[in-house]
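For reference, TrEMBL has these:
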| type | residues | note |
| --- | --- | --- |
| COMPBIAS | 338-349 | compositional bias 'Basic and acidic residues' |
| DOMAIN | 26-116 | domain 'DUF4369' |
| DOMAIN | 226-320 | domain 'Thioredoxin-like fold' |
| REGION | 338-357 | region 'Disordered' |
| SIGNAL | 1-18 | signal peptide |
Amino acid sequence: MKKIYLAYLLLIILSACGSKNTNSVHLSGEIKGLGNDTLYIYGTDKFYNRMDTLLVKDDKFSATLTTDTLASTWLQFSDGTEYPLYLDKGDNIKIKGSAAELTSLEITGNVPNEELTAFQKELKGLSTPSEKALEEKAEAFINNHPSSLVSIYLLEKYFVQKPQPDFALIKEMTAHMTGGLKDRPYVDELLDLIQEEEKISIGKTIPYVNLPNAKGTQISRTSFKDKYLLIHFWASWDPQSMEANAALRRIYKKEEKNKLFALWGISLDIDRKEWEEAIKRDTLKWEQSCDFSGWNTAPIKQLAIQALPANLFLSPSGKIEGKNMSEEDIKKKLEEIEQKEKEKKESEKKLKKQNRR
């Protein structure tokens, strides 16, 4: 009877051990020079939709987190620097690095973290780390790792976040990804974005968009009949938009009387007073529209605008001739238009002379 009781007790103990949380992830690290600080780990999709805190003491930290599947998260430092971190149940993640190089950490404990660590070391070995060389390395990794979460990170960093993304190349790289990776929320959203972007590529005619100006009058592309039109997307709360407004102000000052060219500003402001104050402060004399819906304003989705500031340069017929053009690009484009107009007028004069003979 005693043996039976002991066996029963042992079974209870083993069952209790077996019922421990199998979704736990142990995380520890040492980042020299970090001192005493607070770090954050957060996810951006349904696989890890929360934020956790890590307390750092004398450069070291440790914590036990939970996740029920492989998740892409971000390790955020107090200075705003973020670094990708991949967590899965049962992992024992170790992080090493220096506070002077927070964008190049050594992380071990599972395959994706070790893949990214190896990739970062490969980049350090480049004799001339030019933008082209970095992109070539990233593209090679993505094509050779069609099921790695690291491929999503590199795709976004080196290709999607560019001022003028090559969506044809992005589409080609995502085509090589496995079904499991394509089902990730970010990739799914990216593929939807590519579909929208293809609708407004160079040479395509933009869809009909209209928004009210400060007086409540509905403004659309047809409001600028027979003119080349630069549509500029901005917001009073965005510092880079203010710089872009200053550049456009210089262009407008020179081109104000140009009958072939017009500017149309579309703001993502949500506060009418702040919008109107920005227009007055920055002396934006060209047409301005806003419906105070922020990123939910219809033209943003229709024209696949992903960041501010942004612009589209349209022909008089509404075809896209330029996207996210710099001040110099716009000036050069206007010079080309002026030259074409001169040549057109000279050709018409010659034709009239010939007809008189």
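Any Cβ shown, glycine's included, is placed from N, Cα and C.
Helix, strand and coil residue tallies for the domain 'Thioredoxin-like fold' (226-320), in that order: 35 helix, 24 strand, 36 coil [DSSP]. DSSP places the residues of the compositional bias 'Basic and acidic residues' (338-349) in helix, strand and coil in these numbers: 12 helix, 0 strand, 0 coil.
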